[in-house]
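Since the structure comes first, as structure tokens, the remarks are kept for the end.
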Amino acid sequence: MEAATAPEVAAGSKLKVKEASPADAEPPQASPGQGAGSPTPQLLPPIEEHPKIWLPRALRQTYIRKVGDTVNLLIPFQGKPKPQAIWTHDGCALDTRRVSVRNGEQDSILFIREAQRADSGRYQLRVQLGGLEATATIDILVIERPGPPQSIKLVDVWGFSATLEWTPPQDTGNTALLGYTVQKADTKSGLWFTVLEHYHRTSCIVSDLIIGNSYAFRVFAENQCGLSETAPITTDLAHIQKAATVYKTKGFAQRDFSEAPKFTQPLADCTTVTGYNTQLFCCVRASPRPKIIWLKNKMDIQGNPKYRALTHLGICSLEIRKPGPFDGGIYTCKAVNPLGEASVDCRVDVKVPN
């Protein structure tokens with residue numbers, strides 16, 4: 001069997017070997033027809049993979065953490081052969097005492113065990129491979145609770161309301177304020193109640209205060225981390241006093257209830273039997289209270305022990321005790337007051353039993 005030989009290559013042409021191996025780098029034997037001055041075939045170097053960074057979507061916006069939180073960012077990249085990954089913070093080298101970096105074959109990890117506000121800033125990752133380079137920028141913001149407003153002042157108290165003013169805090173917690181929370185407390189209970197939340201101005205009016213109470217006020221600043229740990233309290237109390245009410249009485253005419261006597265229920269005729277007590281009734285209305293006079297056959301019988309006269313709430317009664325045949329006749333009840341008089345009559349018949 002003849003030995004395998006390399007194919008002949010014309011002068012000035014190229015030979016491309018696919019899937020080359022280190023063994024292929026040995027120079028092939030020249031064919032008998034190949035001249036002494038022909039070029040020797042060489043193995044081409046592998047094509048490099050350009051460096052590229054795959055930045056996670058969550059890191060394309062500002063990455064916000066609270067003071068004391070852990071920052072652990074894994075950034076994948078590509079490049080062949082293995083590229084060189086370099087981190088910077090605001091254009092300067094990282095502080096290795098606080099920030100640690102681990103670079104792998106296809107990713108780089110940025111780790112901060114306990115983030116502080118000084119760790120905020122712009123972090124840049126550069127992946128270099130030969131003369132090629134890819135960069136990615138990550139903005140990290142480390143925030144904490146804001147400081148309290150610098151002061152609070154009770155400006156005015158009127159009616160059921162009080163006006164407050166305060167100044168913004170010096171420290172906003174490394175982020176924008178979301179507003180203020182205003183609370184009130186009366187001196188009787190000492191309990192704090194929120195009256196305003198997420199309030200953006202530095203002055204407000206607190207209404208619906210209760211008469212007779214004294215109030216203190218305090219204001220918290222608020223950001224993404226929450227309310228400030230402390231709040232200033234007004235030194236002056238708001239005393240809600242009851243306004244003196246002056247009543248002006250209007251003159252009015254006193255109603256005159258005076259009237260002359262008038263019988264609303266007259267006497268009724270009756271027939272009785274000898275020896276049985278008999279009562280006569282009538283009703284009268286008058287003001288002032290009238291004087292009641294009883295008559296028999298137009299003769300005054302006041303003071304006669306045979307008769308008993310009573311008057312109560314305008315009801316007049318006359319009791320005839322054990323009437324006899326001579327007690328029959330015309331009985332009259334007369335009512336008299338300064339405005340006039342009135343009278344009613346009835347007939348009483350006394351029968352003797354058989």
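Glycine too: its Cβ is placed from the backbone N, Cα and C atoms.
As the structure is a computational prediction, the values presented were derived from the model and not from experiment.
According to Swiss-Prot, the protein has these features:
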| type | residues | note |
| --- | --- | --- |
| REGION | 1-47 | region 'Disordered' |
| MOD_RES | SER38 | phosphoserine |
| DOMAIN | 45-139 | domain 'Ig-like C2-type 1' |
| DOMAIN | 148-238 | domain 'Fibronectin type-III' |
| DOMAIN | 261-345 | domain 'Ig-like C2-type 2' |
| DISULFID | CYS282-CYS333 | disulfide bond |
| MOD_RES | ARG321 | omega-N-methylarginine |
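Look at the domain 'Fibronectin type-III' (148-238): DSSP puts its residues at 0 helix, 47 strand, 44 coil. Between the listed disulfide-bonded residues, namely CYS282, CYS333, the fewest other CB atoms within 10 angstroms of a CB are found at CYS282. Around the Cβ of ARG321 (omega-N-methylarginine), the number of neighbouring Cβ atoms within 10 Å comes to 13. Distance noted between the C-alpha atoms of CYS282 (disulfide bond) and ARG321 (omega-N-methylarginine) is 18 Å. The residues of the domain 'Ig-like C2-type 1' (45-139), classed with DSSP into helix (H, G, I), strand (E, B) and coil, number 6 helix, 55 strand, 34 coil.
With respect to their backbone Cα atoms, the residue listed as 'omega-N-methylarginine' and CYS333 (disulfide bond) stand 17 Å from each other.
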